[in-house]
Structures are given as structure tokens and as C-alpha cells.
Amino acid sequence: MQQTFHCVLFPLSTLEFLALRMMSEDQQCAGWLEVFYNGTWGSVCRSPMEDITVSVICRQLGCGDSGTLNSSVALREGSRPQWVDGIQCQKTDTSLWQCPSDPWNYNSCSPKEEAYIWCADSRQIRLVDGGGRCSGRVEILDQGSWGTICDDGWDLDDARVVCRQLGCGEALDATVSSFFGTGSGPIWLDEVNCRGEESQVWRCPTWGWQQHNCDHQEDAGVICSGFVRLAGGVGPCSGRVEVHSGEAWTPVSDGNFTLPTAQVICAELGCGKAVSVLGHVPFRESDRWVWAEEFRCEGEEPELWSCPRVPCPGGTCHHNGAAQVVCSVYTEVRLMKNGTSQCEGQVEMNISGHWRALCASHWSLANANVVCRQLGCGVAISTPNGAEGGDQLWKAQFHCSGAESFLWKCPVTALGVPDCSRGNTASVICSGNHTQMLPQCNNSVSEQAGSAASEESAPYCSDSRQLRLVDGGGPCAGRVEILDQGSLGTICDDYWDLDDAHVVCRQLGCGEALNATGSAHFGAGSGPIWLDDLNCTGKESHVWRCPSRGWGRHDCRHKEDAGVICSEFLALRMVSEDQQCAGWLEVFYNGTWGSVCRSPMEDITVSMICSQLGCGDSGSLNTSVGLREGSRPRWVDLIQCRKTDTSLWQCPSGPWTYSSCSTKEEAYISCAGRRPKSCPTAAPCTDREKLRLRGGHSKCSGRVEVWHSGSWGTVCDDSWSLAEAEVVCQQLGCGQALEALRSAAFGPGNGSIWLDEVRCGGRESSLWDCAAEPWGQTDCKHEEDAGVRCSGVRTTLPTTTAGTRTTSNSLPGIFSLPGILCLILGALLFLVLVILMTQLLRWRAEHRALSSYGDALAEAVYEELDYLLTQKEGLGSPDQTTDVPAENYDDAEEVPVPGTPSPSQGNEEEVPPEKEDGVRSSQTGSCLNFSREAADPGEGEESF
């Protein structure tokens with residue numbers, strides 16, 4: 001393998017960028033000297049190259065302070081530019097670029113005069129027996145002999161130097177005690193004490209070259225991250241392309257980034273084949289540098305480090321963003337029949353370099369149609385019974401909808417899938433004509449009960465409708481949604497039951513239905529409601545073939561959206577009294593939570609579990625915990641995750657069994673990463689609980705503090721104004737903002753400063769909705785902590801105030817916010833006073849009218865009395881005289897006077913006609929009684 005040793009890039013005054021390297025089969029500090037100029041690597045001519053020039057070159061390449069020009073090597077093969085000749089360095093020159101030479105020329109000399117240099121420090125370093133170039137036992141080549149390093153004092157600082165020297169990224173571990181096996185030959189170094197910044201490990205302080213008191217049982221090793229990684233995706237096999245500069249991870253631009261380069265990256269990472277290369281991925285705000293070289297891989301290189309690379313023109317790579325790559329192990333598929341690959345036969349996939357037949361379990365026509373489309377074989381006609389296959393069938397289950405372009409785009413599960421019996425292989429018969437169209441499905445007629453066609457025998461028809469479950473935490477649980485003519489819609493829950501849910505689960509390859517949920521159990525959807533009053537028998541092949549009201553006909557709203565939970569729905573959790581990222585591992589399967597068995601759970605499996613739960617990238621299996629109380633299923637054992645798996649569900653394991661292991665073997669995991677508590681108190685919580693004021697005289701004034709990443713922190717006062725204060729006050733239920741205070745007016749806080757440059761409009765419901773710098777990124781100190789003072793009364797802020805961004809002292813006098821509030825309150829008080837005065841005047845007027853009416857009525861009564869007395873006197877005879885006591889007036893029956901309002905009711909009543917004496921007596925008593933109460937209420941009775 002040809003090794004390439006690069007130096008750093010240096011700008012010239014002409015804005016040309018140059019690079020220097022040595023090309024050799026097996027040497028790092030010896031080889032053909034090449035320079036990068038005008039976008040191309042070319043040779044350097046050796047005449048007249050003196051010792052001082054050779055020394056400058058070796059020093060610039062980090063290969064010592066001296067070297068020799070080797071003129072006895074054979075003629076170099078191939079053609080290339082011979083860029084420059086006549087180089088004559090001087091003692092004052094610090095790099096080759098400062099040395100005078102002849103002008104740049106494509107053919108500055110003949111191929112016989114190309115320079116081959118051997119630097120004095122020709123030591124080489126390598127890592128062996130670690131499974132790759134970037135991990136293993138450290139070995140150094142010196143004077144033709146490979147030797148090792150003793151592990152006395154060996155630590156991560158030493159490992160960092162080795163990883164950087166090899167271009168292997170960051171150091172992950174410094175191994176001791178012959179972790180990668182014992183070496184042989186000399187032990188070159190002992191008691192290595194690097195600072196971590198040295199360019200070569202033999203330049204670190206040591207006991208001296210070949211001075212040691214060790215044997216090979218103490219050989220040192222390192223584990224490096226590697227030169228390249230994919231970051232920010234789902235697992236280590238997808239994401240942004242980043243390479244390690246020796247100091248930090250740096251993104252690679254999408255300019256001139258090719259598929260062959262992506263193939264090399266996927267192969268180096270053990271991630272299969274590249275299935276997608278994307279550009280225009282935004283750089284992170286923390287990215288200060290972009291890798292200043294373009295990789296020119298051909299696709300066959302063993303690793304990215306070995307690919308040719310050229311500096312970007314002008315030192316800047318033209319790009320639209322970062323390059324992103326998606327790798328998959330499920331890329332290569334074929335149909336085999338009679339030993340040849342064609343458009344029918346058993347389905348085989350290339351898994352880690354080996355072709356393996358797929359198991360027919362859960363294999364459907366939807367999966368088959370994707371295979372036919374991927375192979376350019378038209379459409380799937382049928383999936384006949386499997387032919388004889390190998391002993392080890394690939395048992396992963398694909399869950400395609402049938403519309404995917406490639407099989408790797410379909411969800412896949414392997415956890416708990418039982419072993420496949422011999423001969424139960426997946427087979428497909430494709431149409432063979434890539435232009436053939438599928439027959440159109442007849443969705444206008446519901447399938448008759450008991451007459452549903454078998455998916456295995458019926459041709460796969462073209463159905464633009466697609467089914468999915470959403471917001472349920474996985475592909476086998478959630479709200480039922482159907483895509484039709486580009487619109488996603490839902491199903492109403494009227495008459496929704498397990499028979500309907502069975503059809504959905506079977507159609508999605510998710511097993512049997514465990515629950516048919518209604519009332520928008522998984523949240524309300526949007527868009528049309530496609531089906532209502534569904535009445536499936538449970539045997540239909542598609543849910544839209546069940547009897548219903550008709551497509552798009554309903555009387556529902558989205559609060560009645562239907563959902564399902566299928567038996568293949570899986571969920572993961574840790575159970576603990578007080579831990580979030582440590583506890584008994586449990587999996588939800590077949591409708592029940594159960595334990596996971598720990599044998600043989602390796603580090604990569606534990607890392608997968610911790611990562612999936614958001615608890616960091618590593619963890620440990622705790623075998624010292626006591627026996628767990630209670631009984632539960634122990635669902636699965638023998639989980640063996642691989643690097644290419646993106647979740648626990650893709651990891652092969654033993655089959656689902658109610659008692660997969662004994663209670664002593666239940667897994668208890670402690671993850672290294674501590675997941676921050678999402679709430680300051682018990683979860684769940686709202687944004688209101690994540691905000692508080694401290695240092696003020698009440699709960700509605702003080703220093704603003706927010707909860708993030710498990711701790712309280714403050715807000716910087718940059719751009720802090722009444723608009724931001726208003727959002728804080730409203731979020732806390734503290735009314736309107738009276739003041740937005742700066743410069744730690746309530747005293748400096750402590751801990752993190754979580755937010756800076758907060759910019760609110762004033763109408764946001766939460767401070768979290770406002771624009772701001774990324775969490776924790778600030779240039780402030782706690783002397784700049786922001787504060788607020790709120791009114792403390794829950795009010796609605798006028799529109800003109802809410803939408804205005806001002807500071808607390810930008811409106812002087814009565815036009816400040818307190819002044820405006822006083823004006824508003826004063827106007828309200830004045831309005832209330834006017835209303836009260838109006839009511840008082842109306843009451844007085846009514847009182848006067850009532851008094852006048854009472855006086856008039858009293859006069860009428862007295863006139864009646866005079867008339868009665870006159871009548872009695874006119875009779876004259878003593879036997880007709882009746883002595884009536886005064887109290888008889890009190891005994892008179894109270895009858896409302898016709899034409900006057902009764903004290904107990906406000907309507908008018910008429911007294912029926914009676915005999916004359918009865919009428920007079922009744923009227924007299926009533927009038928006297930009313931006149932006393934109306935004329936002088938509260939006084940004693942009077943007799944006449």
C-alpha cells in the first residue's frame with residue numbers, strides 16, 4: 001500500500017496554495033517528493049538540491065533535521081508534472097516555500113531527475129492486532145526492526161500523540177498489559193510522559209531510546225476514534241461527514257464530494273454501502289472551520305486516509321453546506337434461481353460480505369414489490385412458497401408499505417424474531433418488465449366477509465393509498481392515517497373495534513391488534529377524515545376495503561380519530577426508584593412490560609440501549625444488584641447488537657419467550673451519561689415550572705432564572721427589554737411587566753448563563769418561543785444577569801404595549817408604562833363614579849314620585865272617611881248606631897287596592913264585585929292599613 005505523508009498548507013503572496021508530501025510504498029519519511037501546485041500534484045526536480053534544502057524539506061515534513069538525496073532508485077512509473085527545479089534554500093528559510101527556485105513549469109526536468117529523499121528520522125509507527133489501522137498494539141520501526149512501548153506511565157496524553165501521528169482522530173483509550181497481545185523484538189521506549197501536543201511519540205520525555213525494565217507482557221496499545229466519522233445521524237452509520245484534524249472534529253464540505261468517497265467511508269466504518277449522499281446540510285453554529293481539502297477517492301481504497309486529496313482552490317472549499325452520508329447493510333439484494341440471478345427466485349441479501357437467503361416469515365407482497373422495483377424487474381406478481389435454502393437464513397423482518405424505492409428504506413426488526421426453518425425462504429416472481437404497470441386496485445367495492453383474497457396468491461395491485469401509524473412511538477402503534485391523492489387523513493372512531501384494528505395491524509405487518517383506541521388517544525390528526533362507521537370482519541387485506549359510510553363521508557371531528565396498538569409494537573424503559581439512566585431494563589412486547597435477560601450482553605449492546613434511551617453512548621451491566629422483587633415476563637435473551645444496527649429492535653436475539661431466563665439473569669444497566677432531569681420537580685411539567693424569579697421582594701420580581709439541562713441558570717441582559725420582561729411576567733402569571741432590569745439589579749446569580757441575546761415580540765406564550773443564542777452560548781458574566789418587576793396582577797396587556805420593544809426607561813414621565821397604567825385605572829374609576837351618580841339620581845327621582853303618590857292616596861282615604869261618617873250621622877236612630885273599636889281596623893283583611901301596586905307584587909289586580917257593605921268594609925280597612933304604611937312606615941298605629 002502506498003503511503004502518503006502530507007504537510008500543512010501555506011499561502012504565498014500570489015494566493016497560490018502549496019502542499020508537500022512524500023510518496024512511498026511503506027515509508028513515512030522517505031519517498032518521492034511531490035508538491036501540489038495549480039490544482040495538481042507533481043514531482044520536484046533534484047538538481048541542484050543541496051543538504052540544506054534536504055534538511056528544510058525533512059524538517060517541514062516532521063521527519064527530523066537532516067536527510068539525503070537518493071539518486072540510485074529506479075525510474076518512477078507513470079506520468080505527472082515535474083513542477084519545479086533549481087531549488088536553493090538558505091539558512092534563514094523556515095520552509096520550502098521561502099526558498100528561491102526556477103519558475104513553475106509543467107516539465108521542469110526529465111523523469112530521471114525526479115527527487116527521492118530519505119530523511120534521517122525514518123522511524124515509522126503502526127498499530128497492530130486491533131482489527132484496523134487505528135487501534136492496536138503500538139509498534140515503532142527503527143533501523144529495520146519493529147519494537148514496542150512499555151506501559152509504565154502510559155496514559156491518554158501518550159495515546160493522543162500516537163493517534164494524531166497516525167491521523168487516527170482522537171484517543172479513546174490507552175491500553176496496558178498487552179491488551180492486544182504480546183509483541184516481539186526490542187522494547188524501544190519506557191516511562192513515556194507526553195504532554196499530548198508532541199508531533200511524534202519518540203519526541204516525548206522517556207527514559208531514553210531502548211532503555212526499559214519491562215517485558216512484552218507490558219506492551220502498550222491505543223484505541224483511536226479513526227480519521228473519519230458520521231455524526232448527528234441515527235447511529236454511527238449516517239450523518240455529517242467529519243474528519244479529525246488532530247485537534248478537533250471538522251466537517252467536510254459538499255463541494256465535489258462524490259459517491260466513491262462515500263463508499264470508502266461506509267466501508268471503513270463497517271457500515272455496508274453508501275445509499276445516500278446529501279449536500280446542503282447546514283453547518284453547526286459551533287463549526288469554526290471546514291476541512292480545506294477535497295477527497296478524490298476512487299472507491300476501492302481501504303480507508304479515507306489513503307484517498308488522494310487536494311487543497312481547495314484558494315484555501316476555501318466551495319460548498320452549500322456539509323456533506324452527509326447514509327450507509328446501510330441492506331443495500332445489495334438479488335433473486336436467485338438455478339444458480340443465476342434473474343427476476344424471480346429466492347431473495348438473498350449481501351450481509352457483511354456474505355450472501356444469505358431471507359426468511360419467509362413476515363415476507364409480504366409489499367416487500368416483494370420493493371425488491372422488484374429495486375432490481376428493475378417490474379412489479380411483484382406473487383410470493384410463492386419458499387424453495388430450499390441454506391442452513392442459516394437471515395431472519396430480519398422488513399415492514400415495507402410497497403411504495404419504497406429500495407429495501408433499505410423499509411423499517412426492519414430482528415429482536416425476538418425466531419430462527420427460520422430450513423426451506424422457509426422468501427421468494428418473489430417479478431413481472432420482468434420494468435415498464436409494466438401494476439393492475440389498479442378496486443377500492444370502490446368492499447370485500448365480502450370471508451372472501452378476502454390471500455395476499456400470498458393475489459397479484460400486488462397498484463394502490464396509491466398508503467397506511468401508517470403515527471405518534472405512537474413506533475411503526476406498530478399510533479393514530480391511523482391513510483395517504484390518498486397526496487393528502488393524509490384519519491379514520492373516525494365510530495364503531496371502531498378490534499376487528500378493524502386487526503386489519504390495520506396485519507396490513508402493516510405488525511402482528512395482531514392488542515387495542516383499538518378512540519377519542520384521539522394518540523393525539524388529533526389533521527386533514528380529511530377518510531372513513532367512518534367502519535365494519536371490518538377482520539379478514540380484509542386493506543382497511544379501506546371494509547364496509548363503511550363511503551370514502552370521505554363522515555360526521556366526525558379529529559377529536560374522534562381512531563388508533564391501534566399492535567402486538568409487534570415495542571418500547572424500552574428503565575425501572576428505578578430514583579434514577580433516570582440506571583435501572584432494570586424492560587421491553588414492552590405483546591401488550592405487556594417484561595424484563596430483558598443479560599446474557600451475553602456485550603458493551604456494544606449496552607451502548608445501543610443507553611443511546612436509544614438518551615442516556616449517553618456507553619454504560620455497564622450491573623451484576624451485583626439484589627434479586628428483583630415481583631414477577632413479570634422475561635421476554636428476550638441473547639441480544640447481540642452490531643455496529644450497523646440503529647436501534648435495539650434491529651439487534652438479533654433469541655426468540656420472544658415468556659420466561660427466556662431466570663429471575664437472577666434480569667438485566668440492570670447503569671449508563672455513563674446522566675440524562676438531565678427534564679423538570680426541576682417531578683415530571684411532567686410545563687414551561688411555567690421551568691422559569692422562576694429570585695432575589696426580589698415577591699414572587700413576581702427578581703432575577704430571571706431558567707431550568708435547562710438539569711440545572712437552574714440565568715439570562716444575560718444583552719437585548720433585554722420590556723418585550724422580554726412581558727413574556728416572563730405573563731408566563732409566570734404575574735400580570736404585566738413594569739420594568740426590565742439589567743446589570744444584576746437583584747444580585748448576580750450562579751451556575752450557568754443559559755440564554756443570551758433573547759429577542760421576544762412580547763406576545764409569545766413562553767420565553768422558550770423567543771429567539772436567542774443557542775443554549776449556554778454567551779459572552780456574559782453574572783454581573784449582567786437580567787431581571788424583571790411585574791405588576792403581580794393577572795391582566796391583559798394592551799396591544800400597543802405588547803408589540804413594542806422598549807427599555808424600562810425609554811418612556812419618561814406619564815408616558816412610561818406605570819404612567820399609562822395609572823391613566824387607564826383613573827379612566828376606569830371615573831367611569832364607575834359616573835355610573836354610581838346616575839344610579840343615585842334615578843333612585844332619588846323614583847323616591848320622590850312614590851312619596852307624591854302616597855300623599856295623594858292618603859287624601860283620597862280621608863275623603864272616604866268623611867263621607868262614611870256623614871252617612872252614619874244622617875241615619876239618626878240610636879239602634880242603628882254601631883260602636884266600632886279602633887283595633888278593628890287592624891283586623892281588616894289586607895287586599896291590594898285596585899290601581900295601586902301591591903307591596904308583594906308589582907302587577908295590578910282587580911277585586912271582584914261584591915255586596916256593597918262588604919266592599920266598603922274591605923276598602924276601608926285596606927286603605928287605612930296601606931295609608932299608614934305608605935305615609936309613615938315604622939310608626940305605631942293610630943285610631944280615629
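Placed from the backbone N, Cα and C atoms, the Cβ positions cover glycine too.
If you check TrEMBL, you get these features:
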- 920-929: compositional bias 'Polar residues' (COMPBIAS)
- Cys45-Cys109: disulfide bond (DISULFID)
- Cys89-Cys99: disulfide bond (DISULFID)
- Cys150-Cys214: disulfide bond (DISULFID)
- Cys163-Cys224: disulfide bond (DISULFID)
- Cys266-Cys327: disulfide bond (DISULFID)
- Cys492-Cys556: disulfide bond (DISULFID)
- Cys536-Cys546: disulfide bond (DISULFID)
- Cys597-Cys661: disulfide bond (DISULFID)
- Cys610-Cys671: disulfide bond (DISULFID)
- Cys641-Cys651: disulfide bond (DISULFID)
- Cys729-Cys790: disulfide bond (DISULFID)
- Cys760-Cys770: disulfide bond (DISULFID)
- 20-120: domain 'SRCR' (DOMAIN)
- 125-225: domain 'SRCR' (DOMAIN)
- 228-328: domain 'SRCR' (DOMAIN)
- 333-431: domain 'SRCR' (DOMAIN)
- 467-567: domain 'SRCR' (DOMAIN)
- 572-672: domain 'SRCR' (DOMAIN)
- 691-791: domain 'SRCR' (DOMAIN)
- 873-944: region 'Disordered' (REGION)
- 1-19: signal peptide (SIGNAL)
- 815-838: transmembrane segment (TRANSMEM)
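Features per TrEMBL, on structure.
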residue: Cys89; record: disulfide bond; Cβ contacts under 8 Å, 6 or more apart: Glu50, Ile52, Thr53, Ser55, Val56, Leu96, Gln98, Cys99
residue: Cys109; record: disulfide bond; Cβ contacts under 8 Å, 6 or more apart: Cys45, Arg46, Ser47, Gln82, Asp85
residue: Cys150; record: disulfide bond; Cβ contacts under 8 Å, 6 or more apart: Ile187, Leu189, Asp190, Glu191, His212, Asn213, Cys214, Glu218, Asp219, Ala220
residue: Cys163; record: disulfide bond; Cβ contacts under 8 Å, 6 or more apart: Cys134, Gly169, Glu170, Ala171, Val222, Cys224, Ser225
residue: Cys492; record: disulfide bond; Cβ contacts under 8 Å, 6 or more apart: Ile529, Leu531, Asp532, Asp533, His554, Asp555, Cys556, Glu560, Asp561, Ala562
residue: Cys597; record: disulfide bond; Cβ contacts under 8 Å, 6 or more apart: Arg634, Val636, Asp637, Leu638, Ile639, Ser660, Cys661, Glu665, Glu666, Ala667
residue: Cys651; record: disulfide bond; Cβ contacts under 8 Å, 6 or more apart: Ala414, Leu415, Thr605, Met608, Ile639, Gln640, Cys641, Arg642, Asp645
residue: Cys729; record: disulfide bond; Cβ contacts under 8 Å, 6 or more apart: Cys700, Gly735, Gln736, Ala737, Val788, Cys790, Ser791
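Here Cys546 (disulfide bond) is positioned 48 angstrom away from Cys770 (disulfide bond), judged by their C-alpha atoms. The Cβ of Cys760 (disulfide bond) has 24 other Cβ atoms within 10 Å, all protein chains considered. Comparing the disulfide-bonded residues Cys536, Cys556, Cys641, Cys661 on other C-beta atoms within 10 angstroms of each C-beta gives the minimum for Cys556. With respect to Cβ pairs under 8 Å, the domain 'SRCR' (333-431) is most closely packed against 572-672, considering the stretches 20-120, 467-567, 572-672. The domain 'SRCR' (20-120) shares the most Cβ pairs under 8 Å with 228-328, out of the stretches 228-328, 467-567, 572-672. When Cβ neighbours within 10 Å are tallied across all protein chains shown, the highest count among the disulfide-bonded residues Cys99, Cys214, Cys790 belongs to Cys790. If you measure from the Cα atom of Cys671 (disulfide bond) to that of Cys536 (disulfide bond), you get 46 Å. Taking Cβ-Cβ distances under 8 Å and a sequence gap of 6 or more within the same chain, the neighbours of Cys266 (disulfide bond) are Cys237, Gly272, Lys273, Ala274, Val325, Cys327. For the domain 'SRCR' (20-120), the number of residues in each DSSP class (helix H, G, I; strand E, B; coil) is 16 helix, 31 strand, 54 coil. For the disulfide-bonded residues listed here (Cys45, Cys546, Cys610, Cys770), the lowest count of other CB atoms within 10 A around the CB belongs to Cys770. Checked against Cys610 (disulfide bond) by C-alpha proximity, the disulfide-bonded residues Cys536, Cys546, Cys760 yield Cys760 as the nearest.
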